[in-house]
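Peer 1: Below is one structure. I have some questions about it.
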Amino acid sequence: MSIRAEEISALIKQQIENYQSEIEVSDVGTVIQVGDGIARAHGLDNVMAGELVEFSNGVMGLAQNLEENNVGIIILGPYTEIREGDEVRRTGRIMQVPVGKELIGRVVNPLGQPVDGLGPINTTNTRPIESPAPGVMDRKSVHEPLQTGIKAIDALVPIGRGQRELIIGDRQTGKTAVALDTIINQKDEDMICIYVAIGQKESTVRNVVETLRKHGALEYTIVVTASASQPAPLLYLAPYAGVTMGEEFMYNGKHVLVVYDDLSKQAAAYRELSLLLRRPPGREAYPGDVFYLHSRLLERAAKLSDARGGGSLTALPFIETQAGDVSAYIPTNVISITDGQIFLQSDLFFSGVRPAIDAGTSVSRVGGSAQIKAMSKVSGTLRLDLASYRELEAFAQFGSDLDKATQAKLNRGARTVEVLKQGLHKPLRVEKQVIILYALTRGFLDDIPVVDITRFEEEFHAWLDSNATDLLEEIRTTKKLADDDKFAAAINGFKKVFVASE
């Protein structure tokens, strides 16, 4: 069998005609300066703001400053291996993080990589780290309660699903404890929690994870950590990574709680990056867009309309103040963005009032409409009682000749302070909160010695579990107050068996 030359040439011609050259074109630049988590590169003329770029050693960066003849890049990883003259190339992608239920129960860094030593996370879903907040028509007003399990919060500054409630106070005033108790209390509430630790010590994060595990809360919680030893870019990105993971659940009709602990450290990291990028400093050396840094993060918390699935994302941002100064730059910014604040006072904390919530300066602007009817009825006068007690307490120190009405107010106030105290990691179901606050505000505790109030409450809750389960169930299901007679019968029934200390 002979092969003819014409056939061979025809085949070759056909192959040449069908050949398509696949030329891969990518923008490549050169590093001209590097240090402190920042690199400047020349030659990336078409790079987009916020685009991911890749250095020759595989470390990723984020294009932040687009200048006339160079690009300022924040480096998302170890920068000590990057040298002047190294190649840096565009990826054409913006930054994304892994999302999905596979992350629940895990501890990850802001890039979504596991740091808990439990192996890889098997998820293929990702979401862009910067995404627009839901629009006005996609939202619904906050109307469902988020029970924190903390009496002082659920009664005085109630939080609703989809709200942004700031927790503000000096260091060591119990801010993290409030958030952890809230997460622990979501156990049977079908809520996914995300705890974002920004600039915390690694030992502190370890303690938080162990606390959550011990109380069975890690099975519905994601922990995102950018510890104090991490470069500033990761501290800056951590809150956005946390809210992005939460949005995946929110847009699928689920309810999410995101805790940012704390945004002061994120603002400091962003200030550091901005100054290194030579952006002009403003008040307290923060850059001009530090307000937008927090507003675009917190606006992503929302209660979605029924048409969008009815999911919600509740944000609890933390701000650390210096000596109680809430009028500093970052505290005032975040107060103006959020829907209320819980102010923790160090004076109260050190005097033994814990949680150290200052009822006078704490406020919830939208939570009232989310509070259950039973709670709003029993807690109606609490704030006024506390405020008048604090005022009278100062006067009472000067003289002992007080009329009966003033004495009664002081007695009621002292008992109110005692009832609102709560142990660490002991969140209380809302129906039990309602009953003890009913007993307080209706005068049933006025004849119990102040020193016995805490013991009375603990024993009363145990007594209710065995003797008044139907009353608890009625409040839980109807969310309304039962008949006064039922309450009085239960409280008086327990008072008969309660033994006051001598």
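Using the three backbone atoms N, Cα and C, a Cβ is placed for every residue, glycine included.
Copied straight from Swiss-Prot:
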type    : residues                                                       : note
REGION  : 115-135                                                        : region 'Disordered'
BINDING : Gly169, Asp170, Arg171, Gln172, Thr173, Gly174, Lys175, Thr176 : ATP binding site
SITE    : Ser362                                                         : site 'Required for activity'
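Quick one: how deep are these features, and who are their neighbours?
Peer 2: Listed as Cβ neighbours of the region 'Disordered' (115-135) (distance under 8 Å, sequence separation of 6 or more from its ends, same chain) are residues 50, 94-100, 102-103, 106-109, 209, 225, 237, 240-241, 244-245, 247-248, 296, 299-300, 302, 304, 308.
A C-beta separation below 8 Å, combined with a sequence spacing of at least six in one chain, links Gly169 (ATP binding site) to Lys175, Glu320, Thr321, Gly324, Phe343, Leu344, Gln345, Ser346, Ala356.
In the three-state DSSP scheme, Ser362 (site 'Required for activity') falls into the coil class. The number of other Cβ atoms within 10 Å of the Cβ belonging to Ser362 (site 'Required for activity'), over all protein chains shown, comes to 22.
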Peer 1: Using a 10 Å cut-off, grab the number of neighbouring Cβ atoms around the Cβ of Gly174 (ATP binding site), all chains included.
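Peer 2: For Gly174 (ATP binding site), the 10 Å Cβ neighbour count is 20.
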Peer 1: For Gly169 (ATP binding site), what is the secondary structure state per DSSP, taken as helix, strand or coil?
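Peer 2: Where Gly169 (ATP binding site) sits, the three-state DSSP reduction gives strand.
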Peer 1: Could you tell me the C-alpha distance between Ser362 (site 'Required for activity') and Gln172 (ATP binding site) in angstrom, no decimals?
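Peer 2: Cα to Cα, Ser362 (site 'Required for activity') and Gln172 (ATP binding site) are separated by 18 Å.
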Peer 1: Residues with Cβ closer than 8 Å to the Cβ of Gln172 (ATP binding site), same chain and 6+ apart in sequence?
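Peer 2: Expected: Ser346, Phe349.
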Peer 1: In the region 'Disordered' (115-135), how many residues does DSSP put in helix, strand and coil?
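Peer 2: Grouping H, G, I as helix and E, B as strand yields 0 helix, 3 strand, 18 coil.
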Peer 1: Tally every other Cβ atom lying within 10 Å of the Cβ atom of Thr176 (ATP binding site).
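Peer 2: A 10 Å sphere around the Cβ of Thr176 (ATP binding site) contains 21 other Cβ atoms.
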